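Copied over from TrEMBL, here are the features:
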TRANSMEM  64-83  transmembrane segment
TRANSMEM  103-128  transmembrane segment
TRANSMEM  140-160  transmembrane segment
TRANSMEM  200-221  transmembrane segment
TRANSMEM  228-246  transmembrane segment
TRANSMEM  258-282  transmembrane segment
DOMAIN    300-436  domain 'RCK N-terminal'
REGION    950-975  region 'Disordered'
COMPBIAS  960-972  compositional bias 'Polar residues'
REGION    996-1017  region 'Disordered'
Amino acid sequence: MVDPENEVPPLPPRYRFRDLLLGDQTWQNDDSVQVEFYVNENTFKERLKLFFIKNQRSSLRIRVFHFSLKVLSCFFYICRVVFEDTPSQTNKWGPIIWVDRSLPLWALQVFVALICLFETILLTYLSYKGNIWEQILRVTFILEMVNTVPFLITVIYYPLRNLFIPVFLNCWLAKHALENMINDLHRAIQRTQSAMFNQVLILISTLICLIFTCICGIQHLERAGNKLTLFDSLYFCVVTFSTVGFGDVTPNIWPSKLLVVIMICVALVVLPIQFEQLAYLWMERQKSGGNYSRHRAETERHVVLCVSSLKIDLLMDFLNEFYAHPRLQDYYVIILCPTEMDAQVRRVLQIPLWSQRVIYLQGSALKDQDLFRAKLDNAEACFILSSRCEMDRTAADHQTILRAWAVKDFAPNCPIYVQILKPENKFHVKFADHVVCEEEFKYALLALNCICPATSTLITLLVHTSQGLEGQQSPEQWHRIYGKCSGNEVYSILMRESFVFSEYEGKSFTYASFHGHKKYGICLIGVCREDSKSIRLNPGPQYIMRSTDICFYINITKEENSTFKAQKEGRKNGYKTRLPVHSILASMGTVAIDLQDTGNRPSCGSTLTLPTDAGKAGSRRPSIAPVLEVVDTSSLQTCDLSSEHSEDEMLPSSDDQLNEGYVKGYPPNPPYIGSSPTLCHLRQQKVPFCCLRLEKCCKHNYYEDAKAYSFKNKPIIVSAETAGNGLYNFIVPLRASYRPKKELNPIVLLLDNPLDDLLRCGISFAANMVVVDKESTMCAEEDYMADAKTIVNVQTPFRLFSNLSIITELTHPANMRFMQFRAKDCYSMALSKLEKKEREKGSNLAFMFRLPFAAGRVFSVGMLDTLLYQSFVKDYMITITRLLLGLDTTAGSGFLCAMRITEEDLWIQTYGRLYQKLCSSVGDIPIGIYRTESQKLDATHVQLSLSVDDFEDAKEPRNPSHTTHSSMSSELSDAKPLLRRKSIQWARRLSRMGPRFSSRGAERAGQQRPGFPPRSERQELVELVRKRMQNLGLSTAGYDEMIDSQSSHSYVLINPPPDTRLELNDIVYIIRVDPLSFVPEDLGSRKSSFGNSVWTSENAPKMESQL
């Protein structure tokens, strides 16, 4: 027998498998219950409430109708007053109690009163929530009863038809209805309510109601007195409320006088409250910035700038660079920032130049309301900038990412320009139209500065907008040419629309580039096919130009803004204009011979002859071949970087051991997502981690300093706070596959920089030292003090190792004037005055003449902000910059490198001839020159007055005194009379003070102890370093080269004119052809990436690395 308790009951019908298969749903009809929702809203009261109150559009209609009735009742009152006859004086108070109301007017007023009373009772019933007295004692309800119930009484009792009823009080009910109507209007059209607009509306309506009430009350009460008209009452009220009080119209009876007193008291209480609220809202609106109207957004063009905190430097950099372009003058800039506008920003935005074009809105990009206020959906672009001064840069990137997501969600079609700090966060904003990663560009620039000197200065000048007018009033020649060349920028144009390049259709790229520069001074650097979006820098001589190609070139201004005039003047001002002989020969397109080597010329003739094949072993002169229109591909071959057969393998056998241990490949472990793969030199075997510690020995080696490693090349020292992912972009350019193996410099990472560690890591013989700005110092109480620690720390190795190339990154560009600071350097003082003059002229590059910046020794990542701003007009600038820096690689695109001009290369003479030589021999495109000149005492320095203390510090001249005086006299002979007079006075002063200074120096020497001769500060520093190196067991060999400093300055010339003379040790920036494309067979005729060589193939083994 089965236990009923243990018996398993059958499954309910809804769980039966058969029912699930057959779809038997009869059980649903048995068990389901129909549920009706929102039953309470189906009642009559809820339906009325939905129509009169809840529904926005129907409620708005009711409000408008109610407002119209109140205005209509006030209009009927005015009509009654105007058409009323003069009352008879039967009773003193009779005219106040009784009025003359016509029958049609009475009927209309009764009809309006009935409707208003019914509407009021209905709304009171619908708004009732349990407290009837709260509804009855409202001021609006009482006024409604006063103005409507008496009319119903007149209907019941006809003799009361002419009873006075204060209908003019309906103006206050109309004011209340207007406020409700505006609220419903905002809800109906889904528009954010403006508190400022509502407050202004309330103030105006309050003033109107006060004046209208006073007018009607005085006029009615004076029916028993002076019998004033409505106009007289209006005049009296205006004169009284304006505190003028002429006294020609005054109330006559006490009720009217009492009314005036009451109205004045009410005005004194109500109006100040309204004005106070209006002033408060106005101040708050000034802080928040108000709104940007939809009408303006649809009729005007604007961009939105989203930042977490707005600094004055950031604002001015953006505005100056954005409005530097002529076609952006009509744009408006809407700044959306969550913080309150500070005093400096407020003062700047009040300048008429910016007040009409810049609007500040306080709000968050994460709120749709604030994005709607900025009308982001109608914006031409949205710039999202990160806060560079945050202690936690990763957190700052997270905020930027959220802003970018919010903008993309709100306005999907709006172009987004994002600035990110950390490279590992870049892939989160990959959807943005343009992204600039600060650490990527920073480390790539710092790395290329070690290979190509002053690359940071070159890129900074290219991405800044300038007209090349800086320094044109300076007396120094290098200021003028440096300032002129700084105006060069990168532009683009369609080839068939170009006046310059259209004639080179069907010809090679190098031919178009060379002849464009020779004829117009325009440097063609890259192209982009119509069917491809990838830009190719210097695609090589095998590339044939098409009419649909987009050409990228470097020039002072756009081709569209230039006028080309043929030089047809044969004679002008009485003399004949002629080009130099070397320029004429270079422009002939044939062969030009060496003009300087006159000692080997045949004496039998005075004409130039072409070099012959005889004497090929040693007497042949170098030559320049013409640039071919179309290159013969049969003479070209491909160069496979993946193979080990390159120019490195063609080196002599003595260097074979240097090349061992390297293979070419891609980095196996990219440090972050989104890093571009670059073919590099990699070690065949992975080095153990213990061997990476340079100062500690391990079981694999026993070296404890850089000198013990016996590096073949000088090391590059990187001083950073942490080894972040951004260092990947520093290492890759230094290990790129196109660099010869014999030129690979060891990289030493220094996480702290005391003197002992500097000496151990090889600073005494290092090629470069790169000081990366530390994140912990980027935030300071005073903004510009963020660089204080970096500047002072760099000053120590600068004083101890004056010949060391130190490349420093700063947070603020304005602080670069403190780099390599010399308190009594007259030349730096002169440059400081020049910088101030350029800043007063409105230059965006006033700091360009500072010697550390011009020489590429200092760099601020803030100077790259303009790269993001320029991309709004030039959408190709970020791509070209990344290609130049090696951050991106494109098939067939060249790369940036440099070559040094040696004594064997001076026969080329001019930059134009060098351009031809590079294009015809190896297909490289030069884009600029890095020039170093020695500082000489000229008229510019003499005009600076020197104090006696300056003379004491400088009284140990390096050269004999007679040499100095002779050089001064030769320089001053060409100076102006004023400068000559000042210099003579200065020399006389020194001659008078000479004996006194010599006697004073003798006294000081006599006071010192015998056996210790006086030493200069430099000698003390040298002795300090030597002793410290000896204590650490380090060799002092080579240290003398680091302290033998010479006064010199360096600067960058971007796209100089073709007739610019080449000088010894000039470093030429070139865009080299991609090694994967076609290159000439004669690899020996090609220079190494950054070294010295002679142009001919016979001298290929003579290559020497100079950088």
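The backbone N, Cα and C atoms fix where each Cβ goes, glycine too.
Annotation: stretch 200-221 has the most Cβ pairs under 8 Å to the transmembrane segment (258-282), among 64-83, 103-128, 140-160, 200-221, 228-246. Sequence-distant neighbours of the transmembrane segment (200-221) (same chain, 6+ residues past either end, Cβ-Cβ under 8 Å): 74, 77, 81, 96, 164, 166, 168-169, 171-172, 175, 178-179, 182, 228-230, 232-234, 236-238, 241, 251, 253, 255-256, 259-260, 263, 266-267, 270-271, 274-275, 278. The largest share of C-beta pairs under 8 angstroms with the transmembrane segment (103-128) comes from 140-160, of the ranges 64-83, 140-160, 228-246. Within the chain, the transmembrane segment (64-83) has long-range Cβ neighbours (under 8 A, six or more residues past its boundaries) at 99, 101-102, 105, 108-109, 112-113, 115-116, 119, 147, 167-168, 170-171, 173-174, 177-178, 181, 212, 216, 219-220, 230. Taken residue by residue, the domain 'RCK N-terminal' (300-436) breaks down under DSSP into 59 helix, 28 strand, 50 coil. Restricting the average to the domain 'RCK N-terminal' (300-436) gives a pLDDT of 90.
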